[in-house]
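Feature annotations, reproduced from Swiss-Prot:
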TRANSMEM  6-26  transmembrane segment
TRANSMEM  87-107  transmembrane segment
TRANSMEM  119-139  transmembrane segment
TRANSMEM  154-174  transmembrane segment
TRANSMEM  192-212  transmembrane segment
BINDING   His256, His316  heme binding site
TRANSMEM  258-278  transmembrane segment
TRANSMEM  285-305  transmembrane segment
TRANSMEM  308-328  transmembrane segment
Amino acid sequence: MQKSLITKWLCINCIMVIATIVIGGITRLTGSGLSIVEWRPVTGILPPFSFESWQSEFAKYKAFPEYNSVNYGITLSQFKFIYLLEFIHRLLGRITALIYIVPVIYFYFKDVIKNRDMLPYIIALLLFCVQGFIGWYMVKSGLLNSPYVSHFRLAFHLIIAVIIYHILFYQLIKNRCDILLIPSQTDFKLPLIFSGIAITVVYVQIFLGALVAGLDAGLIYNSFPLMDDRFIPMEIKDNFFDLKNWYDPVFIQFIHRLVGYSVFLVVVVLIICLLKIEHPKLNKIAYFLMIALFMQVSTGIITLLYSVPIIIASIHQLFAIILLSVIIWCYFLIKSF
């Protein structure tokens with residue numbers, strides 16, 4: 001009974017974290033992230049209701065660089081759209097944190113979660129507590145002289161969310177999945193190594209994807225597989241190792257492509273390793289990996305070719321999480337044996 005309760009709670013948390021990540025991506029893609037210029041963790045749980053309240057929020061927004069440099073002259077109705085997107089993202093983050101924090105404290109004191117199992121839950125709790133601060137730290141970078149948030153802070157904010165999801169999803173499958181019964185002579189060394197490598201490169205790729213979004217690097221070189229008929233674009237060919245390149249959208253897009261190829265190759269090798277084991281559950285994971293990889297690669301290419309359509313770009317981000325989830329599931333099953 002207790003195990004079932006924990007499983008359902010973790011499942012709800014995983015869904016909520018994914019939803020928050022996707023809404024956060026849409027908020028970035030629509031340029032809505034700087035529409036709320038204050039951080040009020042408690043009093044900010046309700047949106048403006050009256051016309052006067054909306055006018056007050058709009059007046060605050062007009063005092064910051066984004067209005068004057070990017071959105072000068074927008075109407076109140078247009079402001080409401082971007083404001084509500086950012087509001088929903090923040091509200092969803094608060095709700096997700098509450099759904100996690102309150103039950104985990106209850107489960108601990110009621111001994112539903114044993115002391116020996118508490119470490120990952122405590123780490124997730126701490127990350128939930130700091131994530132709001134990190135989000136505001138990111139937003140604050142776009143409220144100073146430049147109307148654009150730091151792409152590094154944006155990537156850090158996303159990676160913390162992904163780490164939270166990783167911890168919760170791992171605990172979910174730990175509660176839900178049975179250990180595989182496979183003959184002892186089966187060699188798991190290669191699939192274990194490649195599942196670990198796959199998790200690492202997907203994390204790197206998600207981080208790079210956030211840098212691409214932060215610099216609007218998806219709006220340039222909208223061709224595939226080459227960048228203006230070149231593998232390495234001219235802008236970075238002669239100064240490839242310059243640290244300043246990490247502020248250059250051309251370089252960031254190139255590295256995102258490069259790591260994307262690495263993700264594809266590593267996951268394909270992992271799929272081959274799983275199919276060679278000839279176990280129904282691992283074979284099923286291999287097929288799930290094929291689907292997730294295909295969707296991730298195809299939506300990424302479409303996002304690039306069509307200059308970042310919001311729906312496709314959001315699906316691309318979603319499938320990055322789905323691909324990561326399947327690899328984590330694979331890693332757990334192999335490691336548990």
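From the backbone N, Cα and C atoms, a Cβ is placed for every residue, glycine too.
Listed in sequence order, Gln205, Leu208, Gly209, Leu211, Val212, Ala217 are the same-chain residues at least 6 apart in sequence whose CB falls under 8 Å from the CB of His256 (heme binding site). Under 8 Å, Cβ to Cβ, and six or more positions away along its own chain, His316 (heme binding site) finds Gly209, Gln296, Thr299, Gly300, Ile302, Thr303. The stretch in closest packing with the transmembrane segment (258-278), judged by the count of Cβ pairs under 8 Å and taken from 87-107, 119-139, 192-212, 285-305, is 192-212. Of the ranges 6-26, 87-107, 154-174, the one with the most Cβ pairs under 8 Å to the transmembrane segment (119-139) is 154-174.
Only residues 6 or more beyond the boundaries of the transmembrane segment (154-174), in the same chain, are considered here, and those with a CB under 8 A from a CB of the stretch are 6-7, 10-11, 13-14, 17-18, 20-21, 24, 28, 100, 120-121, 123-124, 127-128, 130-131, 134-135, 138, 203, 206-208, 210-211, 213-214, 321, 324-325, 328-329, 332. Here the transmembrane segment (6-26) has long-range neighbours at 32, 85, 88-89, 92-93, 95-96, 99-100, 103, 107, 112-113, 157-158, 161-162, 164-165, 168-169, 171-172, 175-176, 213, 310, 313-314, 317-318, 321, meaning same-chain residues at least 6 beyond its ends whose C-beta is under 8 angstroms from one of its own.
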